[in-house]
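Peer 1: Have a look at this one.
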């Protein structure tokens, strides 16, 4: 396994693929060590002009790279693996970010000895505040995991987890930003309903979210303690929280994340 100065290919140049590319560039990876696999000529030209990176066929990218990140949709994985398998070799590292695709699924379709890491990033990677989890396959050693951490860590934080926990990770972190955006959307609409201009409601809610997240991260204080610090007996916050409990918001979050976990399992079983 080569160090992070070796060739890295990203196959799939959609939003997340470009996010990884730009993160690696910002993290100091030399452009001449990066390859993009992209079939569409217009998109290839756009990436070449924007980053100065080489855009080649999927097979050429695979043949030239030491590490190959597969940033594609789950339903496209089988066809892609069939396409690039002839170019793969033992010791090479494949990193898959396709939801629900297991390391077993990939290992059964590539040559023996290819190292596979399953990763689950999330969309805050777009602003270098992503949270990614990674799980090793059968042939991974520490250097493979370290390289996967370096790649995924270019756009945020990385956590190693056993693959059996990856469906839960998908439900909590992978899909998590959508839950936050849903809450923000609901709070903004409530602000408008209460008479605030939409721009004012948006600024109030977004900064409240940013500040609260920063408090959690920087103080290390348990969220229950932070919530209690804001909640005076008989006050406005207590009244609001009582309504959230009456409407079973906590139970709704649990049910929602169980549904996401179950769907992730279904995707894995159907792959």
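The count begins at 1 with the first shown residue.
Cβ from N, Cα, C; glycine included.
Keep in mind it's a predicted model, so treat the numbers as computed, not measured.
TrEMBL feature annotations, pasted as is:
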type    : residues               : note
BINDING : 11, 12, 13, 14, 15, 16 : NADP(+) binding site
BINDING : 58                     : NADPH binding site
DOMAIN  : 9-100                  : domain 'Pyrroline-5-carboxylate reductase catalytic N-terminal'
DOMAIN  : 163-267                : domain 'Pyrroline-5-carboxylate reductase dimerisation'
Peer 1: Does DSSP put residue 11 (NADP(+) binding site) in a helix, in a strand, or in coil?
Peer 2: strand
Peer 1: Quick check on the binding-site residues 12, 14: which one has the highest count of other Cβ atoms within 10 Å of its Cβ?
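Peer 2: Output for this query is 12.
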Peer 1: To the nearest whole angstrom, state the Cα distance for the pair residue 12 (NADP(+) binding site) and residue 58 (NADPH binding site).
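Peer 2: Rounded to the nearest whole number, the Cα-Cα distance is 9 Å.
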Peer 1: Can you tell me how far the Cα of residue 11 (NADP(+) binding site) sits from the Cα of the residue listed as 'NADPH binding site', in Å?
Peer 2: 6
Peer 1: Taking the Cβ of residue 13 (NADP(+) binding site) as the centre, how many other Cβ atoms fall within a 10 Å radius?
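Peer 2: There are 23 such Cβ atoms around residue 13 (NADP(+) binding site).
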Peer 1: Do you know the DSSP helix, strand and coil residue counts for the domain 'Pyrroline-5-carboxylate reductase dimerisation' (163-267)?
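Peer 2: Across the domain 'Pyrroline-5-carboxylate reductase dimerisation' (163-267), the residues distribute as 90 helix, 0 strand, 15 coil.
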Peer 1: Counting distance between Cα atoms, which of the binding-site residues 13, 14, 15, 16 is nearest residue 58 (NADPH binding site)?
Peer 2: 13
Peer 1: In the same chain, outside 11, 12, 13, 14, 15, 16, whose C-beta lies within 8 angstroms of the Cβ mean position for the NADP(+) site?
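Peer 2: What remains near the Cβ centre is 10, 17, 18, 20, 71, 72.
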Peer 1: Counting only other Cβ atoms and using a 10 Å cut-off, which of the binding-site residues 11, 15 scores lowest?
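Peer 2: Candidates: the binding-site residues 11, 15. Fewest Cβ atoms within 10 Å: 15.
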